[in-house]
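Okay, so here's the structure we're looking at.
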Ligand code: ATP
Ligand code: MG
């Protein structure tokens with residue numbers, strides 16, 4: 001069966017009143033964006049509480065479906081057959097052809113669920129159910145009707161045109177990006193932070209990102225890996241402005257002036273400070289990290305207290321309660337895993353102490369940071385001024 005249309009179903013929650021059109025318009029925008037990279041031309045229309053995607057001319061069904069599966073806010077994607085001739089006999093003919101092509105194996109149970117969107121149509125829903133059921137049973141004697149738990153729920157909607165669908169493919173869920181403000185993701189080359197960004201984007205939040213680069217200790221390839229990860233996340237979230245901050249001088253300065261077992265914590269505090277500055281300058285109202293309690297020394301409760309202390313923006317840590325394997329499972333699902341495990345060093349691993357503190361004291365950390373007084377403000381300023389912004393789409 002050649003499907004040329006998709007019926008897009010989205011959750012009704014959060015779409016009441018005037019929010020509804022905002023939600024729908026954001027969803028349509030995201031659908032358009034996702035389909036831009038698919039071969040073919042698509043027309044998207046909104047009609048009383050639902051969205052249709054129609055392909056015009058040749059198009060790639062699998063690619064279109066994959067693109068739609070990446071759009072947050074969609075609950076179900078229903079490939080649909082649509083025809084204009086509403087003549088009762090024609091509907092019967094079309095239904096038989098549909099069942100024949102979509103279900104090569106006819107050992108199945110089904111139920112017809114007809115809906116008359118146009119109340120002037122001369123056949124009632126119940127009558128359509130009965131007659132179409134009979135037509136299918138006659139054409140395919142192996143089929144059976146099961147009104148409680150059918151294998152196939154065949155929807156027939158008689159509106160200005162007739163819509164027929166029975167396949168329901170799960171969408172990405174969540175809310176359309178653009179319905180919930182913008183946040184700044186601290187994106188490293190690891191497994192966790194791309195997943196964290198994906199999770200927050202799934203709630204309708206637009207994402208920008210910042211990466212702390214430490215050349216020559218971290219290579220161009222390590223940076224390219226982060227750009228690639230940002231592009232992979234952008235397939236779901238829409239374009240990401242990735243700010244690359246040169247962190248080398250700050251890192252060397254901390255290395256020179258502070259106790260080595262506190263390096264990671266102090267370094268993370270400067271990352272948070274700089275990320276927050278760039279966030280507020282670019283209209284972001286939250287920070288996102290890939291932290292999870294206890295994963296490494298810098299993510300114990302005491303360490304998180306220290307890194308959190310430098311920020312006033314809310315810090316979203318969607319992976320906070322996840323085990324590594326649960327994070328890996330998501331990264332595989334969203335296709336970032338393979339890129340994340342490429343073996344290029346990141347700046348956190350270059351300067352790590354053999355025995356980092358696992359229970360840092362905030363007072364001690366603050367005292368150590370006083371050793372940086374002379375030059376650090378200037379260095380932070382310089383790092384922010386010289387950042388390079390890469391558009392990842
Ligand atoms: P990830 O897999 O995301 O790299 P991780 O397990 O390596 O995480 P850390 O290195 O402790 O954890 O980093 C914790 C969080 O801090 C990361 O998830 C990320 O949000 C942020 N982060 C760490 N290094 C960088 C960096 N170089 N640039 C931007 N953000 C970073
Ligand atoms: Mg890391």
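Glycine is treated like the rest: Cβ placed from N, Cα and C.
Copied from TrEMBL, the annotated features are:
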type	residues	note
DOMAIN	62-170	domain 'THUMP'
BINDING	186, 187, 211, 212, 268, 290, 299	ATP binding site
COILED	362-389	coiled coil
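Feature map: TrEMBL annotations on the structure.
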{"residue": "186", "record": "ATP binding site", "Cβ neighbours (10 Å)": "23"}
{"residue": "187", "record": "ATP binding site", "Cβ neighbours (10 Å)": "30"}
{"residue": "211", "record": "ATP binding site", "Cβ neighbours (10 Å)": "30"}
{"residue": "212", "record": "ATP binding site", "Cβ neighbours (10 Å)": "28"}
{"residue": "268", "record": "ATP binding site", "Cβ neighbours (10 Å)": "23"}
{"residue": "290", "record": "ATP binding site", "Cβ neighbours (10 Å)": "25"}
{"residue": "299", "record": "ATP binding site", "Cβ neighbours (10 Å)": "23"}
Quick one: mean pLDDT on the coiled coil (362-389)?
97
Secondary structure composition of the domain 'THUMP' (62-170) [DSSP: H/G/I, E/B, coil]:
38 helix, 33 strand, 38 coil
Record-annotated ATP contacts 186, 187, 211, 212, 268, 290, 299; largest Cα to Cα distance in whole Å is 19
Going by DSSP, is residue 186 (ATP binding site) sitting in a helix, a strand, or coil?
strand
Helix, strand or coil: which one is residue 290 (ATP binding site) in, per DSSP?
coil
